[in-house]
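Asks: Okay, handing you the structure first.
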Amino acid sequence: MNKHDITHHQSTLSPKDASPGFSTLGLESPLLTTLGTLGYEEPTPIQQEAIPPLLAKRDLIGRAATGTGKTAAFTLPLLQRLAHSTRQKNPFALILVPTRELAIQVSEAVHRYGKAQGIGILAIYGGQAIRPQLVALKRGVDVVVATPGRALDHIRRKTLQLKDLQIVVLDEADEMLNMGFAEDLDAILQQTPKTRQTALFSATMPPRIASIARRHLQDPVEIQIIKEPIKAGVAPRVNQIGYLVTRPHKVAALARILDMATPKSTLVFCRTRLEVDELTSALNTRGYRSEGLHGGLNQAQRDRVMASFRSGKTELLVATDVAARGLDISHVSHVMNYDVPSSPEAYVHRIGRTGRAGRTGEAITLVEPREQWLLKNIERLTKSKIEMATLPTVADLQAKRLTGIGTSIQEILTANKFEQFRNVVNTLIEKFDPVDVAAAAIQLAYGSKSGERKEEEIPVIRGHEMEKSRRPQGSKQAPQERSRGAKIRGETGRPAGPRDRGGPSIKMATLSFSAGRNAGIGPRDLVGAIANEAGLPSKMIGPIKIDDQFSLVKVPAELARDIMKAIGRTRLKGKKVSIRLERD
Ligand code: AMP
């Protein structure tokens, strides 16, 4: 197996070029144009390493977590290969993913990257009506993105034909194994042509993944983006903090952090030009003075933005990595990562912008739940600690504003310069209590300080303990889905909830579902429903017990109500089920 080391990409491009870094990897138009439109300025490390061998039809194992740009890493070569081949009615590529959510996400990405090619994509996953899938498959699709269970269903019905398949991608392979899909994967891969190209991506590489790779991949190129911890050029005085937040709340979260920290000069990093533009306008709408900087600007525009930032007229500079690389800014007090950067190098580059010249700096990263692995990798490889903190609440912000007003009032009192206002106070205290008058005045000051903006509560999400190694070897795997006509399993061999994995003890609660063995419910239906509907990683789900009439699933107690709410809207095996929280 070839080990590919990282090569740091140095951009030598004129800012107007859309995505020349991608053309050096062998990608052609119209993909290059699409990438330019999406605002991608350069390939991420996994893309640099994976795209050339995939274009050369090599099999590949990529160790990459979500957020590294792995979806484009396998989709772009796939689309180019498709463009160079004769289109068949049967699928050209099959992408297997663990959950419905990911199936939708990946198919949307394929659609985005393949728009100019006008390709046919179909996402198929359990829980979805089968008829429209059958119609689409009959009409012919180029790329199928599927969860293994449902893919196998279609293969057995002969509605999914694999004989013309040229490419198979196993995305988040470790998650698929965690969800008990190992046998399904074997069964599917066995029915694909021997000549196919196979790419396997996984955040972790437990022995079970190696064994799948041994059985189904041929002489794969192995990409592990960084094998050695990188020398962190991180100034020791950078305080590194992360906040877990879901995508829809990211702008509000950033605003909350800015309001609490009131930074002097801040550099906000985004991944794409598009994101820079969107975030800049969202921040300006909220009343901040921000400007965007990216590779799409000409020199005069750059100069203007930089001059405005240096003079303090612009408080927030929102930039892509490429644009910031050429920046001559000696010091910023805060670096904010709007996304977790796609590689530890990028992270180190970004946060190196603060904490310079002996001054202290803050590096703040917004982390989406799916990006937690990526952040852990960065911590490990930069040998630094990123403290996860809880976002300040509306009450925290109010308290801070009030404290600020209190301090200002004290300063005015000390300076004794309020003579002209005494008359108003004297008139008011004839009718009202002096303390009430003072409080009303503070309310007035508070209103003008907080502006008209209505503060929203941002839901608190807790990170999950990311264990170093998954299920120990030899321990029972997650239960298999019932194959048609097979005997239904009773209790599952699910090894454990998060408690038994070396992490701190997590309080678990039991959810009771009103359907069990008699309704054909298998463990995977429950794991699938929870993972799909509530977005809970399968490893967070504890032991499952299936009885004739009901099923019990242990889940982290603090998430139990959210899970119930999320699942309340779905069906299990086509039936509506009710869920209760059992008192332990
Ligand atoms: P993934 O790891 O595939 O889930 O991708 C994470 C995010 O990075 C997605 O929102 C992509 O749109 C974005 N992305 C992927 N490749 C690049 C790139 N080369 N430059 C900027 N953003 C990218």
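Any Cβ shown, glycine's included, is placed from N, Cα and C.
Quick paste from TrEMBL:
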| type | residues | note |
| --- | --- | --- |
| COMPBIAS | 453-470 | compositional bias 'Basic and acidic residues' |
| COMPBIAS | 479-502 | compositional bias 'Basic and acidic residues' |
| DOMAIN | 20-48 | domain 'DEAD-box RNA helicase Q' |
| DOMAIN | 51-223 | domain 'Helicase ATP-binding' |
| DOMAIN | 253-398 | domain 'Helicase C-terminal' |
| REGION | 1-21 | region 'Disordered' |
| REGION | 453-505 | region 'Disordered' |
| MOTIF | 20-48 | motif 'Q motif' |
Asks: Check the motif 'Q motif' (20-48) for me and report the mean pLDDT.
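Replies: 92, rounded to a whole number.
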Asks: Across the domain 'Helicase C-terminal' (253-398), what are the DSSP residue counts per state (helix, strand, coil)?
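Replies: Across the domain 'Helicase C-terminal' (253-398), the residues distribute as 66 helix, 30 strand, 50 coil.
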Asks: Report the DSSP secondary-structure composition of the motif 'Q motif' (20-48) as helix, strand and coil residue counts.
Replies: 16 helix, 0 strand, 13 coil
